[in-house]
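Annotated features in TrEMBL:
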- 1-26: signal peptide (SIGNAL)
- 80-460: domain 'Peptidase A1' (DOMAIN)
- 111-117: disulfide bond (DISULFID)
- 333-374: domain 'Saposin B-type' (DOMAIN)
- 382-419: disulfide bond (DISULFID)
């Protein structure tokens, strides 16, 4: 009898081990695939963000106020994707795990009139035994287009765990070519419920509430090796010590919605720009490939240096010939002027040191080649990348450096190689903005911990 009890206990233990959703270290791992970032995608993403604000503003003025507006996102330059399953048996979808939004959405089999739906996997509720109808309609206006659909509920498989009764959006209209060309089927948002459309409970919240993870923490590791087959990994329930070295620097979440914190000074080389001397709101966004910051216009200094012509209220470019060659001044010139204005503090430092105007002008030429070109133009000589300055973000009173080869993006090889800036100027409107956005360019270099339990973010050097 005793042996039978021991045998029964052993069988139950073995079965429990087989059914556990996590790996042997108690963590749930999602492998990420990476697609190469091409020049067209970067240019399109920059233009979409520049155009998106005006488009969203117009949309909000002339359309139903119940429509949710998410101007931050356009997904054209998204690089990292993972797989999930929805329903029983699970239907597979490729999604962006996006810390800059909070909803889960995928194309619906009821999407009949949007071309994008026919290029991606579509959810069929009739084939799932765990489907529950909701039917509440919704619409989301992104910076580069909109989606519309309705809420449904089903089981969602993430790694080896299953999230029960998860609300998600079945998309019946995808109103942009962005989604036709996209390499992903949908989005799985990992932001806070405060920005969830329809106040739907995010997948991550249900993971915690259903006790599917050990700790209320998830972490991102993005592979820095462009030749590696493995693009990266998301770890739910904790961190993997193999993904980083040293200790994490933690900063508190300052506003729930995005994963938002207060960033300190922004430096070029060893010099403070003064841009964030007293702190700037910033977010970590895994759904954005680049780095973005609000437009800065110190017009009078630019005018004195001959970079811009100012009328007291607005500045336009006089064009820096070595950066962009054009026949006539254009909107692109004005945007270039705006980008170069971010470097004025450096020019001031040069002039204070009694440098000549010509020397300062040449200095700006060089720096403008490495920092934001809002129109996405190719302005950087790949051979000169290593001579460009480091840039530094101050987080938790500690410096987080990016070297030129880390913030300059290279596409193609040989004579077809093109190098462009990983920065862009982008204004997020109030009440959520203005914000700095630290996207994949930053997250490739620094392993990032999203600690929901302690409401903090952690950064350590990735390996």
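FYI, residue positions are counted from 1 along the chain as it appears here.
Heads up, the Cβ atoms here are built off N, Cα and C, so glycines get one too.
Just so you know, TrEMBL annotations are computer predictions that nobody has curated.
Note that the coordinates shown come from a computational prediction; the quantities given were computed from them, not determined experimentally.
In the shown protein chains, 22 other C-beta atoms lie within 10 A of the C-beta of residue 419 (disulfide bond). Listed in sequence order, the residues of the same chain lying 6 or more apart from residue 117 (disulfide bond) and placing their CB within less than 8 Å of its CB are 107, 108, 111, 171, 172, 174.
For residue 382 (disulfide bond), other Cβ atoms within 10 Å of its Cβ number 14. Of all Cβ atoms in the shown protein chains, 23 besides its own fall within 10 Å of the Cβ of residue 111 (disulfide bond). Look at residue 117 (disulfide bond): DSSP puts it in a helix. On the 0 to 100 pLDDT scale, the domain 'Peptidase A1' (80-460) averages 82 in this prediction.
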